[in-house]
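Features of the protein shown, as given by TrEMBL:
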TRANSMEM  97-122  transmembrane segment
TRANSMEM  134-154  transmembrane segment
TRANSMEM  189-210  transmembrane segment
TRANSMEM  217-238  transmembrane segment
TRANSMEM  258-280  transmembrane segment
TRANSMEM  300-325  transmembrane segment
TRANSMEM  345-368  transmembrane segment
TRANSMEM  389-412  transmembrane segment
TRANSMEM  418-437  transmembrane segment
TRANSMEM  458-475  transmembrane segment
TRANSMEM  495-515  transmembrane segment
Amino acid sequence: MVKDVNYDVQDLSGGDVTATGFEPSPSSGFWSRLHERIVIEGGENRRSNPDMDPVPPEKRTWSAMDYVTYWISDNFSPSGWRKAASLMQIGMSWKLALINVAVSEVIIALVITANGVVGARYRIPFSVQSRAAFGYYFSYLMIAMRMIVGIFWYGTSAYTGAECVRSMIYAIWPSFHHVENRLPAHANITTQFMIAYFIYWVSILPLHYIHISKIRFLFTVKAITLPIIGFGMMGWTIKNAGVGNNSLWTAGNTVHGTALRWVFMQGMYSNIGGWATLAINSPDFTRYSKRVRNTYTMAIALPFTATLIAFFGVVGAGGSKVLWGTILWDPLLFIDNWTSKGGRAAAFFCAFGFYLSQACSNISANSISAANDLNCMFPRYINIRRGQFIVSILGTWALTPWNILTSATTFLSFMSGYTVWLGPICGILVSDYYFVHNRKYNIWELYDQHGIYRYNKYGINWRAAAAFTIGWVPLLPGFLPKVNSSIHVIQGMTNLYYCGYFYGFGSSMLTYWIFCKLWPAKETMLDYAVYVDDEVLTHAGRDVEEGVAVEVDSLAEKTASESEKTK
C-alpha cells in the first residue's frame, strides 16, 4: 500500500508548483527503498525528467561562436586528418579527394542545420522530436537504432583516443616502446596498448559529469589549440620535406571515366555517412542555443574545417614519403617519428591536442547522443549524466573495440553501412517538420502518450513506417556484399548503394510527404505552433494517476488549455 505525499515540480522560472504524488511508505522493504534512491530527481511518476523536458532559459547557453568552435574541435581530429586517405586509396587524386570532402560536407552540413532548427525552436531532443513523425511508440525503434550506433562509435573512438595517449607516453618515456607484452595473442591487444587504453578511459570519465550546457568551454580550448597544431605540423612538413618533387602531388586519378564517377559517389557516401548519426540527433545540442539563428553557423563551420584538416592530412602524407620513405596518413604515426629531445616535446603537445579533440568529440557526437536515447527509454532512472557513464562502460569495455578493429572487418563494414537506415530516418524527420506539419508542433502533445502524436492505439504512424521501408529495402542488395564477400549482386545494385544516403533520404522524404498528403493525420495538423512557455514548465510527460489532483498556476492551465484546442 502507498500513501499520498507532496512532491515539487520545478518550473522554468525556478519556482515550485505543488502537486500530489506517491512514495513508498516507511515500512517498505530494502528493494523499495533502493528503488526510491535510484529514481531520478524530477522523474517520479513521470514519463520524462528534467534532462528530457524542454530546456529552460538558464540552460540555453550556446552562442553562434560555440557552434563554430564545436565543429572546429570535432573535425580537427585523427579521423578528420585521415579523411582524404580513403579517397586516394580508391583512385582519386589529392585534388579530387579534397573536392569530394568539401562537397560532401556542404551537403550534410545543410541537413544537420535544417534538422537542428527543431531543437533550437522547441528545445527538445531528437528522442522527443521523433514522436511527431513516427508516432509515440514507433519512435522508440528509431531511438534504439541511433543509440546502438552511438555506443559502437564511442568504443571505436576510445580506441583512437588511446592511440593519442600512447603517443603522449612515447614522447615522455621512449622506453615505453619496449614494454613487454604479457597478454596472449588471441586477446588482440598488447599490454602496452591496454595501459594507454585504461588511462584514456579513466581520464575522460570526469568530462562525462559536465552538463552539455556547460561543456562548450572545452570546444573553445580545442578551437584555439588544434588549428595551431595543424598549421604547425603542415609548416614543419613543408619546410623539411617540401612538396614539389613528391609523386603524391603529381599523381592523377588512377581510375577514369564511368568508374571514376562511381568512385566519387562512393567517397561522398562514406563522408556523408560519417555524419549521418549527427544529422539525426542534432537537436540534442541545438536545443541549448541562445537563439535559433545561432545554429546557422554550422552550415559554414562544418565543411570549411573538415576540408582544411583533410588538406593537412594530404600535406603530412606527402611529406612523410619524402622524410621517411613511407606514406603516413595517421598524424599520430607521423609525430611518433619526432625522436629528438625537442621533437618529443612537440610530439607530446600535438598528441595531447589530438587526445583532447578525440575525447571531446566522443562526448559530443557519441556519449551525449546515446545518453539522450537511454534517457528517453528509462526516464525515471537515467538522465544524461548517468547515461553517459553507462555508454562509456558499454562502449569501452563490453564492446571490446580492439577485437572489432583487429578482426571483425565485416562488422566494421556493417556499421559503416548503417547509413542505409539512418538516411531514411533523417529524411522523414525533415519532411515531417518542414513539409507535412509546416513547422507547427504542439510541444506538450509530444510528451503525452495519449496525445495527437500517438496516431493510433499502437502508437505507430504507418505513413512513416511505409516511407522508412521504401527508403532502405532497395539498398539492401548492394549492402550485403559489404558484409559477406561471397554474396554477389549486379553492378546496378552496388551503384545504388553508393548513392545510398541520397536515395534513402530523398525517397523517404518524398514518399512520406505524399502519404501524408493523400491520407493526412488531421488531428496533428495545427493552425499555430505551441512552443514551450519561457515562464513555466507544465506537467509535460507526467503520468498522472486518475483521481489525483495536480495543482498548477493559471499560466500553466492556459498552456494546457491551448494544447486542448489543437486536438
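Every residue, even glycine, has its Cβ placed from backbone N, Cα and C.
Against the transmembrane segment (345-368), the recorded stretches 97-122, 217-238, 418-437 differ in Cβ pairs under 8 Å, and the greatest number is found for 217-238. Between the transmembrane segment (97-122) and the transmembrane segment (189-210) there are fewer than 3 Cβ pairs closer than 8 Å, counting only residues 6 or more apart in sequence, so the two stretches are not in contact. Under 8 Å from some Cβ of the transmembrane segment (495-515) lie the Cβ atoms of residues 111, 133, 262, 265-266, 268-269, 272-273, 276, 417, 419-428, 430-432, 435-436, 463-464, 466-468, 470-472, 474-475, 477-479, 482, all in the same chain and six or more residues away from its ends.
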